[in-house]
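Only one structure is covered here, and it is reproduced in the block below.
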Amino acid sequence: AGSYLLEELFEGHLEKECWEEICVYEEAREVFEDDETTDEFWRTYMGGSPCASQPCLNNGSCQDSIRGYACTCAPGYEGPNCAFAESECHPLRLDGCQHFCYPGPESYTCSCARGHKLGQDRRSCLPHDRCACGTLGPECCQRPQGSQQNLLPFPWQVKLTNSEGKDFCGGVLIQDNFVLTTATCSLLYANISVKTRSHFRLHVRGVHVHTRFEADTGHNDVALLDLARPVRCPDAGRPVCTADADFADSVLLPQPGVLGGWTLRGREMVPLRLRVTHVEPAECGRALNATVTTRTSCERGAAAGAARWVAGGAVVREHRGAWFLTGLLGAAPPEGPGPLLLIKVPRYALWLRQVTQQPSRASPRGDRGQGRDGEPVPGDRGGRWAPTALPPGPLV
């Protein structure tokens, strides 16, 4: 057949139709008057034999077709090129779990972030309540058209306010009744309220400071604020999604992120957003001359050091329609073009679950508290405050 095709190429009609000009399949069919011979010519004419490169992996078989190929996968494998084991999770596959994936003996299973439920295909995730995490309303997050007002914050961004009404730190709404912030911020004042983007103020009835927080070193500088009543979704705000470390490392961190936080403009805290990309620990450590631990992460963004950031800002990443929290800004970054060092929130996923799922045992907030090193907080009056110990169990 090969020699026959070669001879035909130099016959006037086929040479004119298919080599001097681009021909269509029907024109070649008129020359050969035979489907099998036409198909063999057409595969060569349209790019040769794709199966020659052995694109089907894991012992899959390949069948050439016009302008392409088709793989038949061996048992236990699937995907266009048979690259995916049916029992394993593969972050790069487009037809896999929309949110979280768990490998199994025969097949993987999917689950969804808070407020989402599995679709009929058992892979997609659909918001099913008003407080579904990581969703953005139509009002988010640009300036009102024709207005010079401040940029609207993400719906999970909140401010921390003291008893005198002064905003002093930022925080992140991770559930309708829990705000994540730094332990340092949570210890600054005894009386704390949370102010949402709609200027609703919610009293903090208790605080959970990580039991391994070290004020001197800044290790484990995280705290959860337990709100006296939940945020009214979606008007007052929406929580961001949280993720485990494996999902964050393999799926989220390779993607670009957004640092959404608060910066100082005079005495006012105004929202600011900055596109960031993940920086590998070794590179970040060299740039900052610091040790990057498993509980910290680095991000790089243009002119990040030019703004006066307030602690409690958050790095979020969008994945298939939902926004996930990957980093918490613990302190103002140094001036200059260097990367930002943040608290790696997914490393605290177990601690977050322990706190949010237990009965409320947080420290009550009086009008007078204990500052760091046990000194009274100036300007506040009333009761006493101390960090809450978590129930026995593993800590991350």
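Glycine is no exception: its Cβ is also placed from the backbone N, Cα and C atoms.
Candidates considered were CYS97, CYS112; the recorded disulfide partner of CYS110 in Swiss-Prot is CYS97. Take the candidates CYS112, CYS131, CYS133; Swiss-Prot pairs CYS125 in a disulfide bond with CYS112.
Disulfide connectivity taken from Swiss-Prot links CYS51 to one of CYS56, CYS62, namely CYS62. Among CYS73, CYS101, the cysteine that Swiss-Prot records as disulfide-bonded to CYS82 is CYS73. Candidates GLU8, GLU78, GLU318 were compared with Swiss-Prot; the annotation 4-carboxyglutamate appears at GLU8. The disulfide bond recorded by Swiss-Prot for CYS101 joins it to CYS89 [selected from CYS89, CYS131].
When the alpha carbons of CYS89 (disulfide bond) and CYS97 (disulfide bond) are compared, the span between them is 8 angstrom.
Secondary structure from DSSP puts CYS97 (disulfide bond) in coil.
Summarising model confidence by region, the domain 'Gla' (1-46) averages a pLDDT of 64.
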